[in-house]
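The block underneath contains the structure these notes are about, expressed in C-alpha cells.
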C-alpha cells in the first residue's frame, strides 16, 4: 500500500478526519515514494563498493515543519511503513545525535571521523527519517554541516519533521554562521513543506480530557492511560519501561512513544535530579505524563523543590503536562518552607490546562 493509498484508506475510519494540509503533505510523500522506487536500488561502484544512486539526479527528500499536533508523526509513519526497502531507519533526531557523539568518541584520533560515520550510516540506511529535527547545542551545530554533506554525498535520502522552518534552526545560537551551511544543505536536498493551518490532533485530544486526575486509584490510572493513548498514533511503537540517558543518568519511563513520555513522580522528583535533567526532558518531549504525584510537605521539601523546577522548565518550553495526584491541586503542598514558591507552581499548573497554553507550539 502506497502512502496515498494508506491515507485514502484511513479517511474511511470514523476516528480519522480530512485535513487539507495533511492531504497536501501526503502528495509530497507519494512523490518521494515514487522517486525512490523509480531510482531503484543503489549500485555499488569503485574499489570499496561505495553506494551511489542509479540516476544522476539525487532523490530529493522532505522536511515537514509545523506546530505541535499537526500529524507530522503520522505522515512519517505512513511513509516509512509503505516504503518497500530494507535499508531504512526511523529515529528521533536527539537519539541520532547521541549516537554520532558516541561514535566520535570511539573514533578519536581519526583524521576525518565524520566522513567515516556518514559512510556507516549510509551503509545501514538509504533513507533516514528524523523525528523532531531541532538544534540547540553548539556542539551539534558545529558538526552538522559536515555530517550532512557527507550523508548526502553517500546518497542518503532524508525525511525530517520539525516545529521550526529550516531558516529558523539554531536561531540566535553561538557561532550560528558556522551552522548556515547545514541549513543550505537541508534546503538543497529536501523539499520544505509546511503542515500548519490544518487540524491540531493533539490539542483536540487533550481538550477532551482532564489533565489533572485525583485521587489516586484505578479511575485515575485509567484516565491517565486514556490520555496517553490519545497522543499515540501507532500503539505498536510504544516502548514499555524504557531507559533514557539524561545528563549521563538513567531515567526510566513507564511508557515512551516518540516525543511523548510517561514517568512515575518519584522517578523524576526523588533522588539525584537537577534542573539540567528537566531542561533536557523539556527539550525532548512535547507531552509528559506523571503518575502518582504525592502530597508534599516539610518532610518532602526536596521533592517539592524538584517538582517546582520541573514545572518551571515544562512551562517555559510549552510541554503539555498530564498528572495523576494524591490530592486536589490546591492541596498539593502544605505546611512547608516552599509555600510561597509553590503558589507559582499551582498557578502554572492551572494555566497549563488552558486552551491557550495547549495551543502553544513546543519550544525544544
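For all residues, glycine too, the Cβ spot is worked out from N, Cα and C.
Summarising the annotation, TrEMBL assigns ATP binding site to 66, 67, 68, 69, 70, 71, 72, 73.
With the fewest other C-beta atoms within 10 Å around its C-beta, 67 stands out among the binding-site residues 66, 67, 71. Listed in sequence order, 131, 161, 233, 234, 258, 259 are the same-chain residues six or more apart from residue 73 (ATP binding site) with CB atoms under 8 A from its CB. Every protein chain considered, the tally of other Cβ atoms within 10 Å of the Cβ of residue 72 (ATP binding site) stands at 26.
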